[in-house]
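Worksheet for the structure shown next.
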Amino acid sequence: MIPIHVDGSEAFAASLGRLVARGADDLGAVEQDVRVIVSAVRAEGDDAVFRYVERFERRRPDPLVIRSFDGAAALARLEPDLRAALELAADRIRRYHEHQHEAGFRYEEDGVVLGMRVRPLARVGVYAPGGKARYPSSVLMSAIPARVAGVRDIVLATPAPDDRLLAAAHLAGVTSILDAGGAQAIAALAYGTTSLPRVDKIVGPGNIYVACAKKLVYGDVDIDGIAGPSEIVALADDAADPSVVAADLLSQAEHDEDAWCVLVTTSRALAEAVVAELGPQLAALSRDSIAGASMRTRGCALVVSSLARLAEVASLVAGEHVSYHVADPEALFDRVEGGGAALLGGMTPVAAGDYLAGPSHVLPTGGAARFGSPLGVYDFVVRASIIRYSTPALLRHGPHIANFARAEGLDAHARAVELRMSRHTRLGGRGEGES
Ligand SMILES: NC(=O)c1ccc[n+]([C@@H]2O[C@H](COP(=O)([O-])OP(=O)(O)OC[C@H]3O[C@@H](n4cnc5c(N)ncnc54)[C@H](O)[C@@H]3O)[C@@H](O)[C@H]2O)c1
Ligand SMILES: N[C@H](CO)Cc1c[nH]c[nH+]1
Ligand SMILES: [Zn+2]
């Protein structure tokens, strides 16, 4: 089902090389089409959004923007077990993100007040996929951090929201819903239309059209990143439970034919036992053809000779989820670089992180965990630097600033400083401004 490669072999080097080079999805195949959609929505607004929703989703939303929705009623209509799961998840996600609050700061240094002000973004767009499957979990995982940050308007963009989505939107504090999916929804959020004011930032996962549209509008609006197919890197030693490791690998493989599922282990016997588990477990899944395709094309087991090498390989691969099936997960985690989500110990399924542990499941993929972080409250704030000079401080720094400016050939910069200094001197120290 998946090949096993031992460190030192050519096959191991090739497999690791392919993983390290995997990068973000190649969006080139759809870029031209998406560019047309984005430009049309930018130029024509609602009319173009309706046109593309009719073309790709075969329906006409009415209304396109839902300003008030009865999320509480939708929640009440859900089957009680699902309702309880959503409420538990929302509560846990909120409490986790409350730890991420970032305070600004101010201090004074020799007559110069410096600081940083942190304010929430005013208006954000949260995309929740709605093509092949529905993800109320993604609504919670994207919108709750925004709500905790204090964002005033949270627009959920999703095609034809059902009760599960409306209930999640209600629990997450979504303020309005754009009933559209795909590139047209992203363009409407980025540029605004008659019925929808533009947003400051767009977050959340989606398919290749959504990802490409986010990339194209970036700069006119902020984005969280480009989410590619799901990934899991399971790290295991010889004490790991092969059936549990196999179950974790399959739990991400079932997302997408292109998901990356990788086992890195210090034990050849464990690798063989995991591979033996995969077939029967896969056969029992409803999405067996998706998970099977992912395993066949992008799955592999890499066998290394030490925990140090395990950490090195995990750092190189930089997976979205890294699950630690080893005797001392904390010690190994300490040696692995990068962001993403770490699931520590055999009793921590990746699925717990996907649904309700607390941290957002919107994570860097395609190796972006080398530098990227989970979606968080910090994604929904804007920072302003604060600088305030007193007169003595400017008299002290002024000559240095002017010298620096002239060295860059920027006279006007120098004069803006010198004017203040000379005016102050002319007025005998009684100049305007701060003493
Ligand atoms: N990383 C995460 O946290 C996470 C979470 C949930 C889902 N996902 C991923 O998000 C993706 C969701 O994809 P999806 O397709 O189910 O839903 P989606 O909502 O992202 O895309 C559906 C939209 O695609 C557009 N579309 C479809 N065919 C098109 C075409 N030919 N031309 C232009 N636009 C077209 C339509 O407008 C449609 O509304 C999956 O890959 C899934 O694995 C990721
Ligand atoms: N594992 C996905 C992120 O890679 C998130 C998700 C949503 N639902 C279940 N899982
Ligand atoms: Zn998942």
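Each residue, glycine too, has its Cβ placed from N, Cα and C.
On a predicted model such as this, the values are computed, not experimentally measured, just so you know.
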Handout entry: Listed in TrEMBL for the substrate site shared with SER230, GLN252, HIS255, ASP354, GLU408, HIS413, one of HIS321, HIS325, HIS424
Key = HIS321
Handout entry: recorded positions near ligand 2 among TYR127, GLN184, HIS321, ASP354, GLU408, HIS413 (Cβ under 6 Å)
Key = ASP354
Exercise for the section: Determine the recorded positions, out of ASN207, GLN252, HIS255, GLU320, GLU408, lying near ligand 1 in the sense that the CB is under 6 Å from one of its atoms, and give them in sequence order. Expected result: ASN207, HIS255
Problem - Set of same-chain residues at least 6 away whose C-beta sits under 8 angstroms from ASP354 (substrate binding site) - result: SER137, SER251, HIS361
Exercise for the section: May I ask for the distance between GLN184 (NAD(+) binding site) and SER230 (substrate binding site), taken between their Cα atoms and rounded to an integer number of Å? Expected result: 24
Handout entry: Fewest Cβ neighbours within 10 Å, where candidates are the recorded positions HIS255, HIS321, HIS413
Key = HIS413
